[in-house]
């Protein structure tokens with residue numbers, strides 16, 4: 001059983017790695033936000049511009065969002081193209097000027113021109129990219145994000161979901177279900193947020209294809225979300241909101257993780273409450289008393305399990321350095337780590353440095 005489970009997780013890890021190599025990740029960070037103040041500064045000059053005119057409350061705009069968000073990363077190397085958007089609730093005069101009467105409206109502004117051409121095709125990333133390629137003379141293909149959602153089957157369900165070392169969120173979906181399609185891009189982001197957490201799994205099961213398994217877990221509508229924590233493999237219904245922030249807050253609370261919606265560790269990550277109280281005593285004590293408090297920290301760390309045990313070892317290292325180098329050590333080390341975090345480093349390295357920085361802050 002252990003060998004089978006090891007093989008399954010190995011296959012999942014290899015598949016994720018392969019996807020990461022083959023495809024460029026998707027990000028919405030490079031969509032240029034246009035306003036009444038900057039529209040004509042950004043558009044109509046040395047770049048062709050694809051502009052989405054939208055309203056925050058518009059359902060069709062929300063449906064378009066995950067498709068539109070694929071464009072900026074794909075066109076990142078096409079220096080002659082700008083991917084942008086305008087909030088027509090906030091900047092009505094801009095939208096009125098360019099004849100926008102419904103949402104979303106997507107227009108192409110050629111280089112050196114403020115005379116747009118309206119996009120009339122299907123609202124998919126592929127169709128939008130083809131439109132930009134035709135109008136802008138580029139040859140770009142859509143970058144596809146690697147998926148961190150674990151796809152379940154009857155053969156893998158028990159090994160993955162009932163693994164007592166994992167907290168597992170499962171979406172039971174049907175391919176034809178509209179609400180499932182709307183949830184899909186959000187669910188992908190949830191999986192990406194927690195991809196570095198070894199004991200958290202975000203998974204899904206085609207409940208239309210595997211009806212017997214879905215019925216076993218009382219699935220009667222789609223999507224149905226169930227959480228299988230380490231301590232309750234019977235499963236619990238997820239009844240929270242379906243925005244990214246809702247899912248992230250839920251997993252953080254249930255699994256003891258500390259991630260934000262971008263997948264980065266928060267300032268609370270690594271903090272062990274019982275050790276924090278001892279650190280306060282340690283910092284306030286004189287040199288002789290510090291040694292006695294350090295011995296108590298060592299004893300407390302021995303009691304810790306799981307990720308808390310790993311954090312406890314960082315507390316011990318910091319305490320030793322504090323004894324050797326004095327009270328300025330924590331402040332100086334925090335500044336050094338902050339400089340490193342500003343550089344281009346891997347997510348795993350960023351996690352490592354952030355954990356240490358958070359723990360150091362309790363000594364500063």
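Glycine is treated like the rest: Cβ placed from N, Cα and C.
Copied from Swiss-Prot, the annotated features are:
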type     : residues : note
ACT_SITE : 58       : active site, nucleophile
ACT_SITE : 61       : active site, nucleophile
ACT_SITE : 177      : active site, nucleophile
ACT_SITE : 180      : active site, nucleophile
DISULFID : 58-61    : disulfide bond
DISULFID : 177-180  : disulfide bond
DOMAIN   : 29-137   : domain 'Thioredoxin 1'
DOMAIN   : 139-256  : domain 'Thioredoxin 2'
SIGNAL   : 1-28     : signal peptide
SITE     : 59       : site 'Contributes to redox potential value'
SITE     : 60       : site 'Contributes to redox potential value'
SITE     : 123      : site 'Lowers pKa of C-terminal Cys of first active site'
SITE     : 178      : site 'Contributes to redox potential value'
SITE     : 179      : site 'Contributes to redox potential value'
SITE     : 242      : site 'Lowers pKa of C-terminal Cys of second active site'
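Locations of recorded Swiss-Prot features on the structure.
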{"residue": "58", "record": "active site, nucleophile", "contacts (Cβ under 8 Å, 6+ apart)": "103, 104"}
{"residue": "59", "record": "site 'Contributes to redox potential value'", "contacts (Cβ under 8 Å, 6+ apart)": "none"}
{"residue": "60", "record": "site 'Contributes to redox potential value'", "contacts (Cβ under 8 Å, 6+ apart)": "103, 104, 123"}
{"residue": "61", "record": "active site, nucleophile", "contacts (Cβ under 8 Å, 6+ apart)": "52, 54, 55, 103, 104"}
{"residue": "177", "record": "active site, nucleophile", "contacts (Cβ under 8 Å, 6+ apart)": "222, 223"}
{"residue": "178", "record": "site 'Contributes to redox potential value'", "contacts (Cβ under 8 Å, 6+ apart)": "none"}
{"residue": "179", "record": "site 'Contributes to redox potential value'", "contacts (Cβ under 8 Å, 6+ apart)": "222, 223"}
{"residue": "180", "record": "active site, nucleophile", "contacts (Cβ under 8 Å, 6+ apart)": "171, 173, 174, 222, 223"}
{"residue": "242", "record": "site 'Lowers pKa of C-terminal Cys of second active site'", "contacts (Cβ under 8 Å, 6+ apart)": "183, 186"}
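When DSSP labels each residue, the domain 'Thioredoxin 1' (29-137) comes out as 36 helix, 24 strand, 49 coil, counted as helix, strand and coil in that order.
For the domain 'Thioredoxin 2' (139-256), residue counts in helix, strand and coil come to 39 helix, 24 strand, 55 coil, using DSSP. The Cβ neighbour count for residue 123 (site 'Lowers pKa of C-terminal Cys of first active site'), using a 10 Å radius and every protein chain shown, is 16.
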